[in-house]
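Undergrad: Just dropping this structure here.
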Amino acid sequence: LTDVVPEATRNKTFTIIWPCKGGRIGCFINKPVPVETCRFPCQQIRDYEQADVAVFNVFRFRQNEAVPRFNRPRTQRWVMMTGESPVRWSQFDNLDYPAFKGQFNWTMTYRLDSDIPFIYGKLQRQASPVKDYDRIYRGKTVTAAWFVSHCFTQSRRDLFVRRMQRIVDVHVFGSCGNYTCGDPAGSKRDLDKSQCFPLLSKTYFFYLALENSFCKDYVTEKFFKLFGDVDVVPVVRGGADYKKNFPGNTFIDASDFKSPEKLGAFLLEMAKDKKRYISMLKDKNRYGVLPEQKWFCDLCEKMHKDDRQKYYPDLRQWFLRDQCYAPKDV
C-alpha cells in the first residue's frame, strides 16, 4: 500500500527559527534544506506568519528576548526541536520562557516517544560482506580505542575508562587522550575520520561507544558509525535499552558487568577467543546504517498526515522529568 497525498494538502510550508550565537535569528534559515528529496511535498519559507509549521531549535535560545515576536496564525504548529539530552538542564531553562510556555504542539527530539523522533541512525540487515576474517583478526594488536573530545560528562565516562585501563589497554584519541590520527600537527580535537576508521578496523578489537549522559533512548552517532564497513566490535554504555532496540550479538553492553574492571577482563578474554570474536564481528557486519532519513522529511510527512489539535502545557517537565539518571557503575 502507498500513501496518497490529497491534492488539497500539497502546499505545506514550514519555517526554521534557529538562533545564531548571541541570540540572533537566522543562521539556519540562510541554509535551505533540500525538501525536494522528500516523499511528502512541502516548502521552507522565511515568513514566520505564513508558515504552517514553525520549528524552534530551543537549545540555542539563551534569553526570552531572542524568541521572535510575530502574529502567529491560529492553525500554525510550533515544534520543539533538539538533539541534545536533558542533562544540560541549565540550557533548557529557556523552556520556561513566557514566550514558550504552553505554545508547542509537537516535539522533535532523540526520544522515541517524540511526535517526530530525531534519531541519529537506524540499522538494517544487509548482505554479509565477503572478508578474510582470519586476516582481520591477526592484524589486531590493541584491545580497545576511544575517540572523545568532551572529557568530563554526566556519565563519568572518563572515570569509567581510567578504571578499565587498570586491566586492559585503551587508547584514547582526541583532546582527552594521548593519541591522534590524521595530521600529526593538527589539533587532537580534530580527528580525521577518513584516517581514524581504517586505523580502528586494522588495529583494535573493540571501540568504546560511550555516551556523555545516561538518558532514556539517547544513542548518538558514535554507535551507528561503527556499522557498515568498520571491522571493530562496539562496546556500548548509556541510558538506552540497547538489547531491545538493536540486533543481538552485534555489540557488548557495559551494563552486563558489575564494574569497569569486570568489563575490561571480559574484553581481554574475548580478544583471545578467535572463534567467538569473529562470530560477533560477522554478526555486526550483517547490519548497515540506513540512508539517513532527513528530519525535515519526517516533518513534511507529519504535516500532511496529522491534523489533530494538541499542545504541551509544560514542555520542560515533559522533556526533563524522569529521563536521565546517574551511572551506577563508577
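Including glycine, each Cβ sits where the backbone N, Cα and C put it.
Because TrEMBL annotations are produced automatically, they should be read as predictions rather than curated entries.
The domain 'Fucosyltransferase N-terminal' feature in TrEMBL is assigned to 34-121. Annotated domain 'Fucosyltransferase C-terminal' per TrEMBL: 139-318, in sequence order.
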Undergrad: Pop the mean pLDDT for the domain 'Fucosyltransferase C-terminal' (139-318) in here, whole number is fine.
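TA: Here the mean pLDDT over the domain 'Fucosyltransferase C-terminal' (139-318) amounts to 91.
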Undergrad: Which numbers of helix, strand and coil residues does DSSP report for the domain 'Fucosyltransferase N-terminal' (34-121)?
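TA: Secondary-structure breakdown of the domain 'Fucosyltransferase N-terminal' (34-121): 17 helix, 16 strand, 55 coil.
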